[in-house]
Amino acid sequence: MSVEVSRVESSASAHDTPPSSAPPAFRVADAVVEYDRKPVVRGVSFEIPHGEVVAVLGANGSGKSTLMRAMLGVVPLASGSVEIHGRPVRGFRDWGRIGYVPQRLSVGGGVPATVREVVASGQVARRRRWRRASAADRAAVEHALESVGLTDRARDSVHELSGGQQQRVLIARALAGGPDTFVMDEPMAGVDAANQQALARTIADLARSGATVVLVLHELGPLAPLIERAVMLSDGVVVHDGPPGGLLSSSPHLHPHTSDAASLPAAPALEVPLRD
Amino acid sequence: MTDLFAYDFMQRALIAALLVGLVAPAIGTFMVQRRLALLGDGIGHIALTGVALGILTSTSPIFTALIVSAAGALLIELVRVRTRTSGDVALALLFYGGIAGGVLLIGLAPGANTATLTSFLFGSVSTVSTEDVYAVIALAVIVLGVLAFFGRELFVLCQDEEVARAHGLPVRLLSAVIAITAAVTVVIAMRVVGVLLVSALMVVPVAAAQQLTRSFRVTVALAMGIGVVASLGGVSAAFYSGADISPGAAIVLLALAVFAVSVGVGQVVRRRRGRGPVPQKGAEAVPAGTIPQTKPGSLDPGSPST
Ligand SMILES: Nc1ncnc2c1ncn2[C@@H]1O[C@H](COP(=O)(O)OP(=O)(O)O)[C@@H](O)[C@H]1O
Ligand SMILES: [Mg+2]
């Protein structure tokens, strides 16, 4: 096991927990999202107070990823509304506060990029134009790499990494911008047990520093002690919203350990099973 | 070597070729990563309509080509986003529209025929005028300036459009920046390599460079280097062969030769690296029975051109 897990200090750049009067990190009201006129998220409402750690659960295809995209304005709403930190998503400007971990690394046209380049690109909303990276910027990138145990792979191309390592690159990219509001879509998928533990410690530190963390998960796993609330989606509607206690063990239609890749037609052409 | 520089027209040709070789792969890297490798080709065909329009109206063909191809590039983006047309179909529509428009308009121009278009189809670096050189310098400065200014955002956009949106980046504006920058580059390159081969200089050096690199930044730099070498080499080859070799064709074939060599070298390097210390670190140690690991399969190195 090559990964040395360093003790992680708060990766969020010191956002103190705001006073309780702060607006919720997310306010989703009657959100409907359609692909090709087919509703995939069908009238979802909830609020996520600032500083809460929330798991979003549900079977493959239940609309979890779509809901995350809608919460960040990545896909448009057919109806309903989303507010981020008290502002409608269209009018929200403080994107440096948001750290998004998509479900998988997009390969694009195949031009190589190093792990460090991808991680540093997470600072795009914060960096000033024409300026070279400041010492603080660079330190944040190093810290993010360290948090996910990829310091020794920083100069490798992201295309050369395994699925689990790519997942950790995506998490480091979100950390590097120093946001206080995280949306992570299956951040643990494909990550081995030891690194899951390390990521759980990183997320625990984020939570302790007052960050809001919304995670799509297939199983609570090592994150279980952190999760204050679980929202369960089924076929695009919320079927449970409350404490996570016992939820996962009693839901046979969940398939922990199964990657979404198997059921999605999109990217899997690029993924092959690891041989050993 | 001295006789190469003894002629004014060769000096102009070499300056134009140098700048084209520098600029085309720079924007090309972003286009390849955004899966728009053939965008340059589509714009090239539209530029032909612009050239014909310039000849018909007795204005500078470079100027009209610039306007028409920039408009066409934006149209491609609009068609791609607004309608349910996939990128390659949108491009195809413009390929045909551009050629048909060019041939139609040139037929209307008195005293000109499709043969007039030939120098734009295949490039005619030996007839580059002093004004052309100034235009090429100006356009090259603009393109490199735009890439320096928007580079960070464009990297994020080309990597993953969803993530770009989640960073609050102006995705539509940045897409337009790529389209228009590509259009400007096509017009710069048109006089040197011709519209038929313009896309090659945006794509082939990138395809060659990415065989050998691990970093985006290095890929851009290496692609620019390969572009410059191919451009200067092609123009020189054309000069020394008399008029027998078309410079545009020589440039593109040289770039393809570099690509072929890079593929070979890249495979050797990767195999050697594969035997080195990387794999132990590379494979995430997975206890038996946990999550099925996936790994990016052999990424098709030729993907940019498809
Ligand atoms: N870009 C898309 N276009 C069309 N349909 C999509 C798209 N993304 C997801 N879907 C469909 O929407 C449904 C929900 O998908 P998703 O939000 O990814 O679910 P989950 O993340 O819970 O597995 C699925 O049926 C899926 O096939
Ligand atoms: Mg999903």
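From the backbone N, Cα and C atoms, a Cβ is placed for every residue, glycine too.
Under the heading transmembrane segment, TrEMBL lists B:12-31 (among others).
Look at TrEMBL and you will find B:38-56 (among others) tagged as transmembrane segment.
Residues 38-39, 41-49, 51-53, 55-56, 72, 75-76, 79, 85 of the same chain, all 6+ positions outside the transmembrane segment (B:91-113), place their C-beta atoms under 8 angstroms from a C-beta of that stretch. The transmembrane segment annotation in TrEMBL covers B:91-113 (among others).
Taken from TrEMBL, the feature transmembrane segment covers B:133-150 (among others). Same-chain residues lying 6+ beyond the ends of the transmembrane segment (B:133-150) with a Cβ under 8 Å from its Cβ atoms: 12, 15-16, 19-20, 22-23, 26-27, 30, 62, 174, 177, 181, 184-185, 187-188, 191.
Sequence annotations record features per position, and here TrEMBL assigns transmembrane segment to B:171-189 (among others).
Under the heading transmembrane segment, TrEMBL lists B:195-213 (among others).
Taken from TrEMBL, the feature transmembrane segment covers B:220-243 (among others). Outside the transmembrane segment (B:220-243) by six or more residues, the chain places 4, 10, 13-14, 17-18, 20-22, 24-26, 28-29, 125-126, 192, 201, 204-206, 208-210, 212-213, 249-255, 258 with a CB less than 8 A from a CB of the stretch.
Listed by sequence, the residues of this chain that lie at least six past the ends of the transmembrane segment (B:249-269) yet keep a Cβ under 8 A from its Cβ atoms are 17, 21, 122, 192-193, 197, 200-201, 204-205, 207-209, 211-212, 226-227, 229-231, 233-235, 237-238, 301. The annotation transmembrane segment is assigned in TrEMBL to B:249-269 (among others).
Annotation comment: TrEMBL describes B:274-306 as region 'Disordered'.
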Stretch among B:12-31, B:171-189, B:195-213 sharing the most Cβ pairs under 8 Å with the transmembrane segment (B:38-56): B:195-213
